[in-house]
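Participant: One structure coming up, written as structure tokens, with questions to follow.
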Amino acid sequence: MKRIGVLTSGGDSPGMNAAIRAVVRKAIYHGLEVYGIYHGYAGLIAGQIKKLEIGDVGDIIHRGGTMLYTARCPEFKTLEGQLKGIEQLKKHGIEGLVVIGGDGSYQGAKKLTEHGYPCVGVPGTIDNDIPGTDFTIGFDTALNTVIDAIDKIRDTATSHERTYVIEVMGRHAGDIALWAGLAGGAESILIPEADYDMDEIVSRLKRGHERGKKHSIIIVAEGVGSGVDFGKRIEEATGLETRVTVLGHVQRGGSPTAFDRVLASRLGARAVELLIEGKGGRCVGIQNNQLVDHDIIEALAQTHTVDQKMYQLSKELSI
């Protein structure tokens, strides 16, 4: 293999640039040419492809977002779109592809794999919901962003003696809510993977209020429902003054943490190694701090599961 490509797809996550940097530098170190594909699969179909040199990835390891930009691409879900993408890869002489992104990005890599095109997936999403890895690129940074917000909101919640509902990202996975809620000392955490008992939450808030606790923090993953609606229900049920903060896309931005920079560098470099070894159709990850790789089709057949013991711990500590 002499020439590979790299793209980022779907929602961006802090650390993607560090992964791109690792792919480019690792490939050049081994004598390969690297081509950046801009705007994800949409850019692949459109032929937005440019050769990358070492200088192109200088001064990006600390930057959030992705220098290759990203986009959603419904067209790539069709056979026609996939064949257009493969045509562009062949036109540019690209023999293997590194795809950095989440579940949708992996689905695209899976399709290319099924067409016989060598791809390696690198998990880049703040949701931490990709099977086959303990952590995804961007999760740690997003987690720290949320914890910082919780700490600051708790200051004002204490001053005004209010209950605050904080809505965080996570349509299908509650890792951000769970980890941030546990680290931030939240009184209640609501995640998509677990049913919640409104009466229990209300009782917990009232018990705390009765023993002199004048403020509370509730973390709600967006997949559970609207934080605004939940805040109204809490205020009506408890009579406690309640405010709602929806953190939104601030969770996707910012300079990646050291953990995400190192993780992205390790995973990006390993993806290149797999292509050099002729092992396409794989996805990389980290488990017990060891690099691993899995068949991408088998990985997509699995379902991410939340840590139920951690969820139970969060409930026990919020009495």
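Backbone N, Cα and C atoms are what each Cβ position is placed from, and that goes for glycine too.
Found this in Swiss-Prot, in case it helps:
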type	residues	note
BINDING	G11, R72, C73, G102, D103, G104, S105	ATP binding site
BINDING	R21, A22, V23, V24, R25, R154, G185, A186, E187, R211, K213, K214, H215	ADP binding site
BINDING	D103	Mg(2+) binding site
BINDING	T125, I126, D127, R162, M169, G170, R171, E222, R243, H249, V250, Q251, R252	substrate binding site
ACT_SITE	D127	active site, proton acceptor
Participant: Would you mind sorting out which of R21, M169, K213, R252 (the binding-site residues) have a C-alpha within 10 A of the one on D103 (ATP binding site)?
Facilitator: none
Participant: In terms of DSSP three-state secondary structure, what is the assignment for G104 (ATP binding site)?
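Facilitator: Assignment for G104 (ATP binding site) reads helix.
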Participant: Please report the distance from the Cα of S105 (ATP binding site) to the Cα of R252 (substrate binding site), rounded to the nearest angstrom.
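Facilitator: Given the Cα positions, S105 (ATP binding site) is 17 Å from R252 (substrate binding site).
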Participant: Sequence gap of 6 or more, Cβ distance under 8 Å: name the residues on the same chain that satisfy this around K213 (ADP binding site), in order along the sequence.
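Facilitator: Within the chain, K213 (ADP binding site) has no Cβ neighbours under 8 Å at 6 or more residues' separation.
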Participant: Rank aside, I only need the closest one: which of the binding-site residues C73, G102, R171 has its C-alpha nearest to that of R21 (ADP binding site)?
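Facilitator: Going through C73, G102, R171 one by one, the closest to R21 (ADP binding site) is G102.
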Participant: Cα distance, D127 (substrate binding site) to R72 (ATP binding site), nearest Å?
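Facilitator: Approximately 17 Å lies between the Cα of R72 (ATP binding site) and that of D127 (substrate binding site).
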Participant: Just name the most isolated of the binding-site residues R25, R243, going by other Cβ atoms within 10 Å of its Cβ.
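Facilitator: Selected from the binding-site residues R25, R243 on minimum Cβ neighbours within 10 Å: R243.
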Participant: Beyond the listed site residues G11, R72, C73, G102, D103, G104, S105, identify every same-chain residue whose Cβ lies within 8 Å of the center of their Cβ atoms for the ATP site.
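Facilitator: Not counting the recorded site residues, we get S9, G10, G40, G101, Q107, G108.
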Participant: Indicate whether R171 (substrate binding site) is helix, strand or coil by DSSP.
Facilitator: coil
Participant: Considering Cα atoms only, can you say which of V23, M169, G185, H215 is the nearest neighbour of G104 (ATP binding site) among these binding-site residues?
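Facilitator: Ranked by Cα distance from G104 (ATP binding site), first place goes to M169.
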